[in-house]
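**Q** Below is the structure I would like to discuss, written out as structure tokens.
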Amino acid sequence: MMALGESLVHVRITLLQLCPPEVVIPLRLTGTSRGMKTPDWLYYSLYLGGKRHIIYMKAKKLLISRHLSVFTYTDQGALLEDQPYVQNDCYYHGYVEGDPESLVALSTCFGGFQGTLQINDMLYEIKPKSLSDTFEHLVYKMDTDETEIHPRRCALTEEEIARQLKLQGRDESILMQSGYEGWWTHRWFIELALVVDHNRFLYWGSNISNVLQELFIILNEANSLLISVDVDVTLLGLEIWNKGNPIVQDDVENLLGDFCYWKATTLNSRIQNDIAHLFVQQHFGIYLGYAIIGSVCVPYFNCGVDQLMGEDMYIIGHVVAHEIGHNLGMVHYDNLCTCGQKSCIMAAVNNNFRRFSNCSYSPNPLDIVPLKHCGNGVIEDGEECDCGSLKLCTNDPCCMTGCMLKYGADCASGLCCNDCEFMPPGTICREKNNECDLPEWCNGTSPNCPEDVYVQEGFPCPGNGYCYEKRCNNHDKQCRQTFGINARSASQSCYMEMNTRGDRFGNCGINHNTYIKCNSSDILCGRIQCENVTAIPFLREHSTVHQTHLNGVTCWGTDYHWGMTIPDVGEVKDGTEGDQEHVCMNKKCVNKSVWTSDCSPNTCNMKGICNNKHHCHCNFGWDPPNCLMNGSGGSDDSGPPPGKYVIQKKVKKRNYLMPICLISFCKEDPQHWASTRAMPSGVNRSKAPLKTAKKL
């Protein structure tokens, strides 16, 4: 029964309430009408609305961390950490055969199907029928044209969006792009932390298992929407305020500010996160959620608040996707944007539409650079360190207000900084990733790891390949990456047949929307052609696999067409061998002399290899620059490998413990400093510092 106060704020009249559900029995299929099987996919037949639908669904990987940490509290307020077993292979995404715009987000973790189906622009919710022994399910038709007495909306006003964009030095107009240039072309993996407030914990009968079940379904719903803009969210950890709320605010804006501060000073030290959201069982009038624009990966501001009222997990998942969109830099949808529906996910007013508009694809969320200023948590020109807000600096052991190091501190951050000291020379700070990469070590005088260096382009690597941009590329390897471990590069006749066509399955590039036919000399540098394919791979949306029979051999490849916003897995990678004297570069087969360099193995006296700066990286036992003298290896660019200079750090430590009484004379006026800090709207600057200091 809905409480009176709740009904006054929000009355939802939908077909979900007015129409009885349809009873369906999903039937498992062993294949599809096309007679094609793809690994890891499940197929179900569903008779719904007088029509038979075939559902394709695949387990959503990486939805929940394998080592999920769940934090709760004892009666005495002590923090408890648990890593419960979580079934992570029962959340599915998929589509409906014959409907390219369909969406499927289902869970089978708790018996039967639970989730949503979008078929022919109609939205359905499906859940198991209680006490059914024939796998019966109830399907509710959800109306996208909802009627609300008081329409609910995001708490981010247009004025606040403008204020945040101005603070970050951005112009909203750059989002209004309808072309493909500037669209995101790579998938972003977001690590999420969640916090559940005390009221929501009580709502589920103080049962942690019920809370987890709800969170996972909500996250699966949100992920099914975000995947359309190539954003993949993984839950790394969560905290449940099972003994009471440490933050209490009636206003969502103030609650967000307090949560951001609590997250930065408390949660960040125990759960790694790119974004953290607070789920609350609390009314904020017409507001459903609030988040800071473009704050992803900014440790002090990458937060949001989402209202959880009732059990409509689809609606909640929609709100979470909307607010995460704000964290990624998306603003509200307007009339200049389009998504093919009446409204879009990033509309200010809540709706049931499940598509992002063209405006939500740009700009690249990780290219958003806030306006430079002391206090944004990023070390910039003229700053020795940056500990963030005044309260955070109070607890920082290395950095103080004004973006200066505390007396006696060498550093405050960096891969070569530990406990305010430079790490000893020879400490590895960047491991070697593959055969075309090189390691780096700390030099003992800087907090930063040396610049990433790698093997010089053109150096031979396994499989008749060459190192290029820190990768070892060859045709066979690319076929295995696309079609599985048994695949290999096809014969030249396949390359000749396909890449001289000049279509989306075979070409040497695209020029002004026109596919370029490969010259016979360039066929190995167009699109990859493979054979011995035993399974069809799972590819991203809008991708197509083709097979062509030629002289008793089946050639396999993938397509790529104008307007696709994902990386092209089917183009032959630059640096791939064309023949013994040639290499592929920009879809052309060019002579290897393009890689001429002053550095060669002879330059390194055959005791090392050249790096991308054309300097010798010596084997262990030889010293740079030319590997002539005995030493510990490495290059002038990599930092010193282990075995040198270790004593120097011990001598320096004697000078580290200077009289600390001078520290108190170096403080700034906190009020003057605080006035220069840019904080999100809603942060209360007057609160006392935390009693316990934590290093972030």
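Note that Cβ sites are derived from N, Cα and C of the backbone, with glycine treated the same way.
Heads up, TrEMBL stuff is auto-annotated, nobody curated it.
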**Q** Need the cross-check against TrEMBL: the disulphide partner of Cys449, picked from Cys420, Cys429, Cys472.
**A** Cys429
**Q** Need the matching range: TrEMBL marks region 'Disordered' on one of 466-486, 592-612, 676-696, and I'd like to know which.
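**A** Of the candidate stretches, TrEMBL labels 676-696 as region 'Disordered'.
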**Q** Measuring Cα to Cα, how far is His332 (Zn(2+) binding site) from Glu323 (active site) in Å?
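**A** Computed Cα spacing between His332 (Zn(2+) binding site) and Glu323 (active site) is 10 Å.
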**Q** Checking distant contacts: for the domain 'EGF-like' (595-628), what same-chain residues at least six beyond its ends satisfy Cβ-Cβ under 8 A?
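**A** Non-local partners: 438, 453-459, 466, 583, 634-638, 641.
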**Q** Taking DSSP three-state, what's His322 (Zn(2+) binding site) in: helix, strand or coil?
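**A** Where His322 (Zn(2+) binding site) sits, the three-state DSSP reduction gives helix.
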**Q** In the predicted model, what is the mean pLDDT computed over the domain 'Disintegrin' (371-457)?
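**A** Mean model confidence (pLDDT) across the domain 'Disintegrin' (371-457) is 89.
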**Q** Within the domain 'Disintegrin' (371-457), how many residues are helix, strand or coil going by DSSP?
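**A** Residue counts for the domain 'Disintegrin' (371-457) by secondary structure: 6 helix, 16 strand, 65 coil.
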**Q** Where DSSP helix means H, G or I and strand means E or B, what are the helix, strand and coil counts for the domain 'EGF-like' (595-628)?
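**A** Summed by class, the stretch gives 1 helix, 9 strand, 24 coil.
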**Q** On a count of neighbouring CB atoms within 10 A, which of the binding-site residues His322, His326, His332 is highest?
**A** His322
